[in-house]
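These notes are about the structure you will find just below.
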């Protein structure tokens, strides 16, 4: 009997070990792409989130709490969803949502801000549970979704190219390294650009390292205070911006790489993460688009069935960023904007090319898709709604009018 029990325990341990190994990133390219996705995400938006927290009158401890819960929330949801569906599902904070909060939270207390986060996440959860989001996505043509994604990515490409005027040496060094490695070792092209660019920035003393407090961040609970006018004026737009400007492109990225995840389940999951995180400063969660594309490149993992491991690596990086929130944010903000922007532009080039090709492939939807791309890439902001929202709206209306 004891032998049977020992055998069962050994088999159970072997099964757990096999499951763990099936989940764990097992290549350097997994870790590199996952780290780069998190680096680009944090570096491009951390300053906006700090501004949003400051607009709500958050203290230093509360700002650290925001980043703690965002990192932990994104990390756990990315790992669990990628493992559950065996797809590269990368979650992220809502960058357009953070930009909306910067201009909407002035004069709002931290407690009132938490109430806004709770209601917004509840609306996102409802959109997932009810199937409303799935209905919305179902009625968006593939070319329009591709045009939306291409417009978003084109902004990064244009911003990177603009540094050729202001930082010629850095731009040419990183681009040269990228192109040379694309010819001989494509999987190392982005890494070469990243290391060469970082080395140049260090040599030119462009990195101003501040004093860093290496300590674990701690969450700070805030009891919500509900104000009806804020819920209608801020919570509803925050939910809409997150659903349309972030989740729609997020699913477009997955579709562009051949993945068809359960839309309602993922939107519901991000909404629930937001509900649990809101009292600590988690304002909105959604599927990543731009950074997710980094995790889906062939250079990260050639086998589409194994790319979920890249997102597991990104999830672990998220967790580290959350636990060391104060130190990590300080270090990332020390990196030159030129370096981060050029790196992001190079990393996203393959996905941008594929998205533009998909958007313009079909003649019947080409005009509407092109309008979607142009309006989205313009960066226009109206009534606190960003260009992704307006690009999608213009594209859908155009497609409807042309094919009426």
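Note that Cβ sites are derived from N, Cα and C of the backbone, with glycine treated the same way.
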Range among 114-133, 214-233 that TrEMBL annotates as transmembrane segment: 114-133
Per TrEMBL, the range holding transmembrane segment, considering 342-360, 361-379: 342-360
Sequence-remote partners of the transmembrane segment (266-294) [C-beta within less than 8 Å, at least six residues beyond its ends]: 33, 36-38, 40-41, 52-53, 58, 62-63, 65-70, 72-74, 76-77, 81, 88-94, 97-98, 101, 113-114, 116-118, 120-129, 133, 149, 152-153, 156, 219-224, 238-239, 242-243, 246-247, 249-254, 300, 311, 314, 344, 347-348, 351
Range from 114-133, 140-157, 314-335, 380-402 with the greatest count of C-beta pairs under 8 A to the transmembrane segment (65-83): 314-335
Long-range Cβ neighbours of the transmembrane segment (31-53) (under 8 Å; 6 or more residues past either end): 25, 62-63, 66-67, 70, 90, 92-93, 95, 98-99, 101-102, 105, 190-191, 194, 281, 283, 288, 290-292, 294-295, 297, 299-301, 310-318, 321, 328-329, 332-333, 335, 340-341, 343-344, 347
Distant-in-sequence neighbours of the transmembrane segment (342-360), which means Cβ under 8 A and at least six residues beyond its ends: 36, 39-40, 44, 142-144, 146-147, 149-150, 153-154, 156-157, 159-161, 163, 167, 170-171, 174-175, 178, 189-190, 193-194, 197, 252-253, 256, 290, 293-294, 296-298, 366, 369-370, 372-373
